[in-house]
Amino acid sequence: MTFPIDEAVSRLEKTVAALHTPIVDLIAVQTRDPFKVLVATILSARTKDDVTAAAAGRLFAQATTPEQLARLDASAIEQLIFPVGFFRNKARHLSLLPAALAGKFEGQVPSAIDDLLTLPGVGRKTANLVRSVAFGLPAICVDTHVHRIMNIWAYVATDTPLATEMALREKLPEKYWIRINGLLVAFGQSICRPVAPHCDACPLADLCPRLGVSPRRPGRARSGTTGEMPVGNVGQLFLSWNVNGLRAALGKGLIEVLKTVNADIVALQEIKAQPEQLPEEIRNLPGYHSFWHAAEKKGYSGTAVLSRREPLRVRYGIDQPEFDREGRILTLEFSDFFFINAYFPNAQEELKRLDYKLAFDEAMLAYANRLKAEKSVVLCGDFNVAHQEIDLARPRENRGNAGFSDEERAWMDSFLAAGYLDTFRKFCPDPGQYSWWSYRANARQKNIGWRIDYFVVDEKSDARVLDAGILADIMGSDHCPVSLRFR
Ligand code: SF4
């Protein structure tokens with residue numbers, strides 16, 4: 001059956017009207033100035049809309065014409081547009097733009113795709129977007145959301161955005177060409193997300209063949225207490241992931257995952273590397289400030305946090321050398337909350353390290369209590385304990401083992417009783433939701449796992465918790481990431 005595109009677009013128009021408008025469309029509504037639309041489009045690649053909007057605002061306060069932009073050098077532009085993704089490259093391209101426009105187009109932004117493609121930093125997607133949004137001329141801008149969703153709908157069957165653009169030129173009614181990008185970007189950022197799309201709340205659920213899709217599983221990563229879906233760019237998205245060796249995870253596509261998820265803060269545990277052993281692409285991930293707390297022992301333990309916002313202060317450890325030398329705790333302080341990334345010790349076989357683990361647990365509780373007296377606390381990481389029987393697939397067989405010993409579980413009881421909220425359980429009371437699987441015996445395929453990775457907040461911050469999830473479809477480690485959307 002052919003996908004009913006007219007019906008889908010009609011429903012999307014109504015849905016998207018209530019959602020967040022992509023920044024480039026917004027700038028086009030506010031001004032028909034092709035130069036501003038071009039600059040905003042260049043800034044928007046691989047960057048969240050609120051970050052693009054702020055950067056465009058700072059840049060436009062200094063330069064709204066090619067002549068004014070020509071007065072800024074690349075480093076001045078860098079400072080204005082940071083932290084947009086690839087800010088150095090974009091600053092270089094923007095510094096070259098005035099001369100390119102003056103040399104070939106008498107200082108005007110051209111409207112033809114082939115002309116736009118000659119400008120620095122302008123690829124096919126940007127060229128199509130500028131032609132359609134700034135000039136209102138027929139062009140189909142195919143970004144990752146358009147390419148992905150058109151294939152999910154089986155409206156096209158293509159491998160690349162360029163092939164999708166060509167297929168849509170043949171097939172998509174021209175009346176939708178200009179609008180389709182804005183519609184699908186807003187829809188792809190909010191409902192049909194790249195990771196775990198919200199099929200359960202989708203207005204196209206009865207039309208969509210869902211080709212290649214792993215939707216959110218019922219009972220997992222549910223919506224907030226209001227019953228509304230926390231959509232789009234609402235709140236801040238946090239991710240926590242035990243990567244079991246950062247260098248290995250990089251080889252398994254970690255950078256692509258981080259770009260796709262586009263979180264505001266990413267907490268990594270068990271990085272097993274010193275920062276100087278890591279490639280530039282993760283040490284200075286575009287758009288993020290990065291902080292590293294490696295263990296003294298090489299190739300062991302360690303934590304890292306990547307944050308889009310610059311924190312007020314960073315604390316490496318908790319002034320307890322027996323834990324700090326293993327690089328287990330890293331805290332970022334913001335104006336309205338503390339973000340603690342923690343890698344709790346493993347109690348090990350025959351509970352050989354249980355005493356160390358319990359001492360760490362107590363030290364962590366005391367530390368979190370001190371911080372929560374000041375402001376909100378978000379504590380995430382690999383806690384190395386499954387709290388309740390529903391938090392692991394084989395509770396009876398594992399009773400008394402590391403990670404499910406009575407002592408570790410009792411500490412988790414006392415921790416929550418001390419005024420902390422296990423955010424995932426706020427939304428999902430169901431069993432079968434795990435964040436770690438043994439590499440042995442196809443455990444992950446059979447979903448024989450443990451939920452030992454958490455986002456916890458102090459109880460007073462309950463109202464700031466919009467959503468919590470387990471991203472079980474993301475591979476690259478024996479753990480999967482867990483997430484929190486925080487107001
Ligand atoms: S049903 Fe699911 S896959 Fe299909 S469009 Fe809606 S959210 Fe996307």
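Easy rule for this one: first residue shown is 1, then count along the chain.
Placed from the backbone N, Cα and C atoms, the Cβ positions cover glycine too.
Copied over from TrEMBL:
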- Tyr343: active site (ACT_SITE)
- His479: active site, proton acceptor (ACT_SITE)
- Cys192, Cys199, Cys202, Cys208: [4Fe-4S] cluster binding site (BINDING)
- Asn242, Glu270, Asp382, Asn384, Asp478, His479: Mg(2+) binding site (BINDING)
- Asn384: site 'Transition state stabilizer' (SITE)
- Asp453: site 'Important for catalytic activity' (SITE)
- His479: site 'Interaction with DNA substrate' (SITE)
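Feature map: TrEMBL annotations on the structure.
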residue	record	Cβ contacts under 8 Å, 6 or more apart
Cys192	[4Fe-4S] cluster binding site	His145, Ile149, Ile152, Leu184, His198, Cys202
Cys208	[4Fe-4S] cluster binding site	Phe3, Ile152, Trp153, Cys199, Cys202
Asn242	Mg(2+) binding site	Leu268, Gln269, Glu270, Tyr343, Gly381, Asp382, Trp436, Asp453, Ser477, His479
Asn384	Mg(2+) binding site	Phe344, Pro345, Asn346, Ala347, Lys357, Ala402, Gly403, Glu408, Ile452
Asp478	Mg(2+) binding site	Asn244, Trp436, Trp437, Ser438, Tyr439, Arg444
Near ligand 1, which of the recorded positions Cys199, Cys202, Asn242, His479 have CB less than 6 Å from any of its atoms? Cys199, Cys202
In which DSSP state, out of helix, strand and coil, do we find Cys199 ([4Fe-4S] cluster binding site)? helix
Counting every protein chain present, what is the number of Cβ atoms, excluding its own, within 10 Å of the Cβ of Asp382 (Mg(2+) binding site)? 28
Quick check on the binding-site residues Cys199, Cys202: which one has the highest count of other Cβ atoms within 10 Å of its Cβ? Cys202
Enter the number of other CB atoms within 10 angstroms of the CB of the residue listed as 'active site'. 27
Cβ neighbour count within 10 Å of Glu270 (Mg(2+) binding site): 26
